[in-house]
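According to TrEMBL, the protein has these features:
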ACT_SITE  GLU115  active site, proton donor
ACT_SITE  ASP256  active site
ACT_SITE  GLU349  active site, proton donor
ACT_SITE  GLU370  active site
BINDING   THR473  Ca(2+) binding site
SIGNAL    1-21  signal peptide
Amino acid sequence: MYKILHVSLLILCLKCENGLSIREYSKEDILKLREEVREMFQHAYDSYLRYAYPYDELRPLSCDGLDTWGSYSLTLIDSLDMLVIMGNYTEFNRVVDIVLEKQNFDSDINVSVFETNIRIVGGLLSAHLLSYKSGMKLEPGWPCNGPLLRLAEDVAQRLIAAFDTTTGMPYGTINLRKGVPPGETSVTCTAGVGTFIIEFGTLSRLTGDPLYEEVALNALKALYHHRSPIGLVGNHIDVMTGRWTAQDSGIGGGVDSYFEYLVKGAILLERPELMSMFNEARLVIDKYLKKDDWYVWATMLRGHVTLPVFQSLDSYWPGLLSLIGESDTAMRIIHNYHSVWKQYGFTPEVYNLGTGEASSSRESYPLRPELIESIMYLYRETRDPILLQMGEDILRSIQHSARTPCGYATIKDVRDHRKEDRMESFFLAETTKYLYLLFDPDNFIHNPGVHGTVINTPNGECIIDMGGYVFNTEAHPIDPLMLYCCHEARQGINISEVHRISQILDEEDNIKFMTMIDASMNRNVTNTTATATNSETLTNDTVKTTTNATTADKKVEQNQELIKTQTRTGYVNIDGTEREKNNETLGDILKEHINNYYNNTKINESDTKPVLEPDVKTDSKVEVEVDDIIVPKMETETLQPPSSTRAKEVIKILPKVLQDYINNDYKPKSTCEPQRMLERIRNEKRYPDHPDINKYGILLTSAPSFMQRMCIAGEFLNRKHMEL
């Protein structure tokens, strides 16, 4: 008994020596800290609006702004969901109106694919999903529809060209208007490849378009496929060859969010294969990289230690472990990381474990959120007051050394707390958010699933806001239940077969072309011919003519407004109805349309020529073969290409519908055609499915209570999943 008491006193004394004596926090104490964080955010946010907007970031020492990642008011978009979390709905609604009115991503600028995805796409998606809490007027069909969602999808569509590589892994840089810049390096860090499944998966589930989720999943499969024989991944990889260009393996910078997205993507999208990929990686990481509750860097081929350092970015790891129910291990690790904070007042970018000192070349602290992120996660699970004290330590350090009259500044050197003239957007998006949520235990984000909100959607009633929010790596929360509300999510995404053609034009052009021919045919019908011709039914999208020419024109105009080139389930007719499947290819249908146009053209009674083109001599009784129109027979001798003047003259002799198409509707094909890229990914099947793809029991881990959302109770997993 005395021995046990002695050991307990020794442990208590050690805690006191390390500055970790347990302090009691009352509810009033915690809320007071929360309000201090609110004021911190407000000071930084107001300073950005006053001195830096519309630039990307604030310079808190110069009291001005600069563009860093893309010249798209990055800090403003990154801060949107924090306004909702704090309950500042008036400001949220005001800023959303500004973003929707002024934001235009059609810019000739090169941006980071990774940063634009996590900050812009993630920020817009989160703001879209949280907008109902602010009292904002929602569009019909929300959350499957809305202006912020459309804006997020517009950005994602500009990023998607980066994935058009031989391996399916994306380039690191993209031009928002032109695609991958000429001469762009094909070398990308691992995190830059594996950090898309949350944002892109959310987009696919909300919009019903499988493109985003499939390309992001394909990139994750590619990394898994290219791991080393012992199961480690490197730091940088060539996305065109799959060759690792930096073979150091670790959990920190350049790799970190890849592991994070395996766990969070598995939870958010209910993909057990992602959790299985993480579990496999975790075993290898613990074998080769874990040294006494620290994590080092090693060669990916043999696991030999190369860099015995702790990086500030490593600090996300304990929080990630808490998501899979390993809080005991996470607590031991976070005590190590906090000891570095106590040594300097901040965590340096790199800390040498051998010397116990900050690296002389990486001694800065750019207001990073990773340590407070893990503290917040662990406190939600354990309610250990030591974690509150760690959070208060971080708050005190930032307030004391980073605050300026115009915001909060990066700490240039943790050893003397010199400041640097930069406040990155993640200070408002992440650092203040995690601090605020740590000291606000009753926030709606922490809802353990005891209450929710019922909404009506096009798919019927849906329950949202039950908690279990999944944060992307920029701390933008996503409600998984809202993904369940949209489209065919109850049975999984309804991925219909995409029509594939290899004829003259691509899918969109075919439909547009046929529509113009149909419209032209109707306009050529005179109002003196009272009855409609008994025209051949080519496909379900043939427009019926009427005896009244004016009515026919109005009908055509109305039909043209209803034209859609592509839908979630395939293609539609020009009257907006679904096109039924048949054995005819679009190329055959196109030929029949053109044949019909030429061979059934009516002659106006008042004219001596058919209604085609004044310069074209035709005989209405002559049958014209479509192949002669599209691919005319050429003479054997070599023909010189016509001059531009002659080419313009030739266009004049073409039928009006072809003139309109060539002059107005033809657009050069983009370097990346997403739908074709998706078809290629599906056809190649370069990376086989993980064997655990249907083992949904893997998702039922001993996760903390706040992650025990509806899926854990079996209500979120559909019946088909449960049977599997």
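Every residue, even glycine, has its Cβ placed from backbone N, Cα and C.
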- prompt: At the Cα level, what's the spacing in Å between the residue listed as 'Ca(2+) binding site' and ASP256 (active site), rounded?
  reply: 10
Field: For the active-site residues GLU349, GLU370, the one whose C-beta sees the most other C-beta atoms within 10 angstroms
entry: GLU370
- prompt: Least buried of the active-site residues GLU115, ASP256, going by other Cβ atoms within 10 Å?
  reply: GLU115
Message: What whole-number Å value do you get for the CA-CA distance of GLU370 (active site) and GLU349 (active site, proton donor)?
response: 11
- request: May I ask for the distance between ASP256 (active site) and GLU349 (active site, proton donor), taken between their Cα atoms and rounded to an integer number of Å?
  value: 14
Message: Between GLU115 (active site, proton donor) and GLU349 (active site, proton donor), how many Å separate their Cα atoms?
response: 19
Query: Counting across all protein chains shown, how many other Cβ atoms sit within 10 Å of the Cβ of THR473 (Ca(2+) binding site)?
result: 26
